[in-house]
Every structure is written in structure tokens, then in C-alpha cells.
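S.K.: Sharing a structure, written as C-alpha cells. Questions coming.
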Amino acid sequence: MSEHVLPAEGPMRFISPIIQDNPTGWGPYEMPDQFRDMPYQPFSKGDRLGKISDWTMVQDKKYQNKYASQFGAGSSYAYFHDEDESTFHLVDTTRVQKPYQSYQRGRARGQRGRGARGARTPGGMTTLNKPRERKLGKRWGQRGAPMKIRDASVTVRPTWVTIEDMDFPRLAKLSLPGIKEGEDIVSCGTLEYYDKAYDRVNVKHEKPLQRIDRIFHTVTTTDDPVIRRLSKTAGTVYATDAILATIMCCTRSNYSWDIVIEKIGDKLFLHKRDNTEFDLLTVNETSVEPPADDGNSINSPRNLALEATFINHNFSQQVLKSGPTEPKYKFQEPNPFVSEQEDGEVASVGYRYRKWILNNGVVLIARCEHDAVMQGPQGETQFLTIKALNEWDSKLANGVEWRQKLDTQRGAVLANELRNNSCKLAKWTVQALLAGSDQIKFGYVSRAQVRDNSRHVILGTQQFKPHEFAAQINLSMDNAWGILRCIIDICMKQKDGKYLIMKDPNKPLIRLYDIPDNTFESDASEESGDEQADTPFAPLYSYGNSKRV
């Protein structure tokens, strides 16, 4: 083998680099040619790339050094404000007083959709949501605004004995399915035909509401001659459609009301007290902000109820074809409440006395009402229930402007009425179902001027089938029958006597009282001797009595 011998290398030489001496500082003082005219920005490898928004200049108030950079990154894009005297001008700093209500609504919108625990405002303050606010308020002993105390419909006397309290959550779970359609026993009265020209009324072609001088009879159960006659041969429970609707829809009510129940043997008579506000229509009863209870205002609950009743009576008669030559629909018997002494014209109304079997020997007989009739598509006769919704002041009622929305967004208007008048609409629907009406027709009536509650205009009409409308407003007739049957069973277990069921004015429950037999009899005799001006309708409208419109 031969060995390879590497050639010998020469001695290594050190080549000294070119050193640039900078007598005034450190580092090179000349820019190499390959780096000349090249832009440069100080940076840190921990910084994110991007220049659309430089967040490195943001300082967290809790952690001051959270975004801090020791390399001066982003300083070339930082904004430094220089005062410009040329654009300086005075600004009017006068505070404008804003309505309290609008301010609250704005705050609610601003906080909606934020986190469950709270949200941070631009000023750095954390806002709590409502449940957390209430929880902290209770912890520290804080109290909110005082709850509005409503008056009871009747003063509870010391001699009354409370039998049972029935709260709304329990009543809402009751159900009595399988109740068949009512059977007609007696039919009375005369009905006029509906004028279909009012179906074409709209906001642009409104019609003024007229005052129709007709007599309305609001006779209670025990004063009805037909019910007195039927009680001898049929039925165990007797009432009117208005009384039944009030009981069946009690879970939707906020205002106080009362119904007198008399038990005689195995029979129950449900009736209302004389000269009360039972027949007045509530306005915005279920609204988040109900009308303020100011007796001097035209927008107080009582004055609004009088106005709504006035509108309903006149509207239900104005939309009919009235006149001596117009055809009329007559039932088998005449109106049982018309006497020979009455000199006025009686309103168009038909009475149906119907029977329902509620099982276990309970047979209900009730007087129901129709307002009009009309010809159906196939020429058949259809019975109508006619009611009117009234607009009083959309700003105070937290509603929508009917004149702006009614023609284009009628569904929104009706949805708002369902929120504000859920109890009233449910009672109207129950009355139409009990009477067997084929259609329920609503009229939209508004004030001609917001501050004038004596002049009104008709802005439109809308028609529904009662069963379809009941499903739309989530009204369960099985639950309604269950509530009625529950109250009937409790009363049937009591001894013979007089009882009163009353909605608590400030709690979601109804109470059943055992009252003396002579209760309200002395009140009726005293009220019968009062002047005519003390009737419920006298303060607003020049009615001769509580039955005339």
C-alpha cells in the first residue's frame, strides 16, 4: 500500500477588517451601499404583523403592561394630537332635558345582547343585568320603587269568612277536555244585518263614529225572567256569558272584580252586583305600564273604561243596516227585557240560552249574545260578535301609531293590542265561542284628537273565526272549562247561602268568601234612592241611565 502525502501548507495570515471609527457615538456612522434607501421600523419578534389597526398602543386599565413593548414597536404609527387654532370654535353645552321614559328605553337597548354577568361601558364601568342587579339590591337592603296598590272592587267586611284562595299558577294547570258545543234551549231578540261597506274603511277613508241612541240591557242572572223559568225544569248552574268569560279568563286579569254566588239546594246562581263597574271594558289592563290612576285625567283607568264602553256600544250599532225598510233576523221569542214603558229604540241583540253538560251531574245554562247577522259565501246566515278596539294615546300607551301602521302592518297593531289588552280580548273570544258565533269582527276606533275623548273615528275592521283567533291568542277552552268546574265543585260542597268570589287587587289569585245572606241588599236600597247622576256613565257622557247609549 502506498501512502498519500498531503502537501505542506504555508503559514496562516490575519487580514484585519476595515474599522469605521465613530468619534461621536457607537456603531457605524456610514450606511453600507446595499442597505442604503431601505425603509426600516423597529420591531419585536413577539409583535403581530399587520398595520390595519395597531393595537400595540392600547393600554389595558387593569394590566398596564399587557401590551407594552420595550422596542418602541408601532411608535411610527402612533397618533399625537397637535392643537389647531384655526379650527377652534365655541360649542353650545346647554343640557337638553330628555323624557325619562325615552331615556330608560335607550338604556335597555344599549345593554341588550351583552354578557350574562355584565358589560363594560366606554367609560370603563361595568353594567349589571337586571337579575344580578336585583340580587345585589336585596343583599344590601336596597328597595325599588313602591308597588302600585290597587283598590279592591268591593270592601271586604269583618263578617266575611275566607273559604279558599286559588292562585293563578294552580288554575292555569287545570283542564276539562271533551266539553261539547252548547245546545240551544231558548232564542230571543231581533238582529240587524251587518253593513259590509265598513269592511272597506281604512286610514285614508276613515268614518266618524256616530252616537246611536239605543237601549242596552245589562240584566244579571237572577233578574232574567227566562233563566227563572228554566231553573224550574233544567240545569244546576246558571250564569251569563260575561260572568262565565270573567271566570274562565281570570288568570289573565290584573284589575279586581267580584261575582256573587248563591247556592239554593243543588243549584248555583252566578250573578253580578247592581250598579257596579262589572260591565265596563278595561283599557290596557295587561300593559307593562297601565294607565295612571288620576281621577281628573281623561286617561285614568275609569275614564278610559267609560270611553271604551261608549265606543263599543256605538260601533256595534253603527255598522249595521238600520232602518224601517231594512230586513231583520228574528228569533223564536221577542226580547225578554223590553217593557211597554220603554219609549226608546232597543239595540240589535240576540239572546241564546244554551246548555252544557259538565259531567258529574253538573248542567250549565247560560245566556249568550249575538250582535248581528250577515249572509255567508253560500248564502247561509252567519251570526256575528262585534267589538271595538280603541286607541287613546299611543305615546302614553307604549303602542304604535294606528294611522301609520294600520293599513300596512295590521298584524303589528293587533299584536300590540294582545299585549296590552290580553284579558279583554280573551273574554270577547270566550263569549263568541259560548254563543256559537260564526265570526268575530273587530273595529279599530281612534280619537279624532288625542286630548278629546268625545269624538272618534273608525280606521278599519278585521274579521276572525272564534276558534282560529282563540288558537292565535293561546286561549285554551279546556283550561277555561277546568277553572269554571273547579269553582263550581268548591261551591257545591258548601252549605246553602251567599258567597262571593273576588280577584285580589294586588296578587295573582282569587278568593272565595262566605258572606251573610243580607249582604249588598242594604247597599242596593240606598243606591236606588240616589240621584240619577250617580250612575256609572254620568261623569263622561249624557246618558239617561246606565243602559242607554
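Any Cβ shown, glycine's included, is placed from N, Cα and C.
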S.K.: Looking at the ranges 28-56, 521-549, which is given as region 'Disordered' in Swiss-Prot?
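M.R.: Of 28-56, 521-549, Swiss-Prot gives region 'Disordered' for 521-549.
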S.K.: With Swiss-Prot as the source, identify the stretch among 217-231, 262-276, 277-291 annotated region 'RNA gate'.
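M.R.: The range carrying the region 'RNA gate' annotation in Swiss-Prot is 277-291.
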S.K.: Do any residues, 6 or more residues outside the region 'RNA gate' (277-291), come within under 8 Å Cβ-to-Cβ of it, and if so which ones?
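M.R.: Those are 153, 218, 242, 246, 252-255, 257-258, 299-302, 304-309, 312, 390, 392, 396-398, 419-424, 536, 546, in sequence order.
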S.K.: What is the pLDDT of the region 'RNA gate' (277-291) when averaged and given as a whole number?
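M.R.: Within the region 'RNA gate' (277-291), the model's average pLDDT equals 91.
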S.K.: Using DSSP, what is the helix/strand/coil residue split across the region 'RNA gate' (277-291)?
M.R.: 0 helix, 0 strand, 15 coil
